[in-house]
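K.L.:
Below is a structure I'd like to ask you about.
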Amino acid sequence: MAVFLLATSTIMFPTKIEAADCNGACSPFEVPPCRSSDCRCVPIGLFVGFCIHPTGLSSVAKMVDEHPNLCQSDDECMKKGSGNFCARYPNNYIDYGWCFDSDSEALKGFLAMPRATTK
C-alpha cells in the first residue's frame, strides 16, 4: 500500500526539474564551471570567460575558430599566428587551450598553475 501511494504521488505531483543557470562570468580554472556541471566556461581571456549551456556548442566552435588565442592543436596556433604551442586548460570541462610561444614566460606561468580537480 505504501509503495502504491508513493508511486501515485510522484505521478500526481511531478517535480519540476530546473535548468542550470548558465549566465555570467566564469574562470576556465573553476571546477565545475559556472557553479554547475551542466554549463561550460568559454574563455575570452586567459583567466576569464563567460558561461554557456552546452546546447550552444556550435557557436562555441565558431568562436574558437575566430578567437586568435583559443586552440585545439599546436598547428592551429601556428595557422592563427598566435604562437606555436597550444596549452590545454587543466579543466576537463574545457576542450581547448590557449596559444603561446613555446619559449615564453607566460607559458611557464600558465603551466605552473595548479591543476583543477574534480570533486
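First residue shown is number 1, and so on along the chain.
Each Cβ is built from the backbone N, Cα and C atoms, and glycine gets one as well.
Per Swiss-Prot, disulfide bond is recorded for Cys22-Cys39, Cys26-Cys41, Cys34-Cys51, and the stated evidence type is similarity to another entry. Look at Swiss-Prot and you will find 1-19 tagged as signal peptide, backed by sequence analysis.
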K.L.:
List nothing but the one residue from Cys22, Cys34 whose Cβ has the fewest other Cβ atoms within 10 Å; the candidates are the disulfide-bonded residues.
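P.N.:
Least crowded of the disulfide-bonded residues Cys22, Cys34, by Cβ count within 10 Å, is Cys22.
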K.L.:
Under a criterion of Cβ-Cβ distance under 8 Å and sequence separation of at least 6, what residues of the same chain contact Cys41 (disulfide bond)?
P.N.:
Cys26, Ser27, Pro28, Glu30, Pro33, Cys34, Gly49, Phe50, Cys51, Asn91, Tyr93, Ile94
K.L.:
Using DSSP, would you call Cys51 (disulfide bond) helix, strand or coil?
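P.N.:
Going by the DSSP assignment, Cys51 (disulfide bond) falls within a strand, counted as strand.
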K.L.:
Within 10 Å of the Cβ of Cys39 (disulfide bond), how many other Cβ atoms can be counted across all chains shown?
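P.N.:
So the Cβ neighbour count for Cys39 (disulfide bond) comes to 21.
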K.L.:
What number of additional C-beta atoms lies within 10 angstroms of the C-beta atom of Cys26 (disulfide bond)?
P.N.:
22
K.L.:
So for Cys51 (disulfide bond), how many other CB atoms are inside 10 Å of its CB?
P.N.:
20
K.L.:
Per DSSP, Cys34 (disulfide bond) is which: helix, strand or coil?
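P.N.:
SS state of Cys34 (disulfide bond) = helix.
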